[in-house]
């Protein structure tokens with residue numbers, strides 16, 4: 001098994017991180033107080049109680065119920081900045097070099113908070129992460145799939161200035177997967193893509209939904225990346241396609257265990273994806289709720305796949321860099337750093 005020191009030093013990219021999912025209990029309660037938010041009856045009353053609840057979710061919906069309550073404490077641009085900045089401070093110490101992060105404006109606009117407030121707060125934190133830590137980042141605006149597509153089209157309208165000027169680098173699709181297949185959002189994706197030819201497209205698919213949802217996201221939504229995608233393992237033709245096109249899956253091992261998608265990280269088809277040359281990155285998803293940030297994810301995977309050597313981990317890190325949406329100069333610099341770290345620890 002490789003050392004934690006090696007995993008920490010390995011340059012890491014994160015592509016599946018919900019900023020609202022980094023809301024730790026020790027920030028949630030102070031923000032509730034700052035903004036005079038009364039948490040619902042029956043909600044845990046202390047950091048300790050809430051941490052206990054986060055240790056055991058029944059399924060995706062049980063988690064989402066808590067997740068959406070948590071978002072209610074975020075009101076001002078400063079709140080959104082504080083949230084994202086807390087994330088960047090943590091992951092900087094863990095060897096993160098590039099982050100492409102999700103946010104859910106509809107969780108906030110539905111409460112009367114403007115998309116400008118949310119986006120500007122998060123973007124300020126991204127700017128500071130670059131100036132202070134050298135971390136490059138991109139914002140991915142997600143549509144909530146449990147919201148009517150007509151409402152999602154309105155969200156895209158509201159976000160138009162940020163899509164056109166590149167503040168929003170990509171469009172994503174999240175929330176409860178099974179009842180809301182990709183075909184419902186064809187018009188939304190087409191509309192967003194028409195606003196900026198450089199807008200990247202991704203979608204959550206194949207987590208609780210079938211492999212067919214992955215194929216549909218590729219065919220109908222024209223995405224070039226799949227978030228989760230682990231159920232692709234059951235479709236041999238799809239695996240061939242993902243390998244041929246080098247379509248990256250953004251896999252979230254701790255999340256998959258916490259939400260009972262699998263019982264342990266060792267059950268994930270990571271070795272199969274490596275063997276089939278299907279590129280993937282390892283990510284923390286909603287780390288405040290799922291018990292670990294990026295280095296915790298890498299460390300747990302290394303325990304469950306102890307036969308992976310330095311070269312294998314170097315390959316995983318390189319696939320994450322190659323699948324990122326940063327420019328070639330940045331990619332080449334990071335790829336060289338991976339080689340340096342692998343060489344350092346292999347001798």
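Using the three backbone atoms N, Cα and C, a Cβ is placed for every residue, glycine included.
Look at Swiss-Prot and you will find 207 tagged as active site, proton donor. According to Swiss-Prot, the Zn(2+) binding site annotation covers 16, 18, 204, 285. The substrate binding site feature in Swiss-Prot is assigned to 286. According to Swiss-Prot, the site 'Important for catalytic activity' annotation covers 228, on the basis of sequence analysis.
Positions of Swiss-Prot features highlighted on the structure.
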residue: 16; record: Zn(2+) binding site; Cβ within 10 Å: 27
residue: 18; record: Zn(2+) binding site; Cβ within 10 Å: 25
residue: 204; record: Zn(2+) binding site; Cβ within 10 Å: 27
residue: 207; record: active site, proton donor; Cβ within 10 Å: 24
residue: 228; record: site 'Important for catalytic activity'; Cβ within 10 Å: 27
residue: 285; record: Zn(2+) binding site; Cβ within 10 Å: 29
residue: 286; record: substrate binding site; Cβ within 10 Å: 27
Listed recorded positions 16, 18, 228, 285, 286, filtered to Cα within 10 Å of residue 207 (active site, proton donor): 228
Quick one: Cα separation, residue 16 (Zn(2+) binding site) versus residue 228 (site 'Important for catalytic activity'), in Å? 8
For the Zn(2+) site given as 16, 18, 204, 285, which other residues of the same chain have their Cβ within 8 Å of the site's Cβ centre? 17, 21, 102, 174, 227, 228, 250, 252, 255, 283, 286
Distance [Cα-Cα, Å, rounded] between residue 204 (Zn(2+) binding site) and residue 228 (site 'Important for catalytic activity'): 6
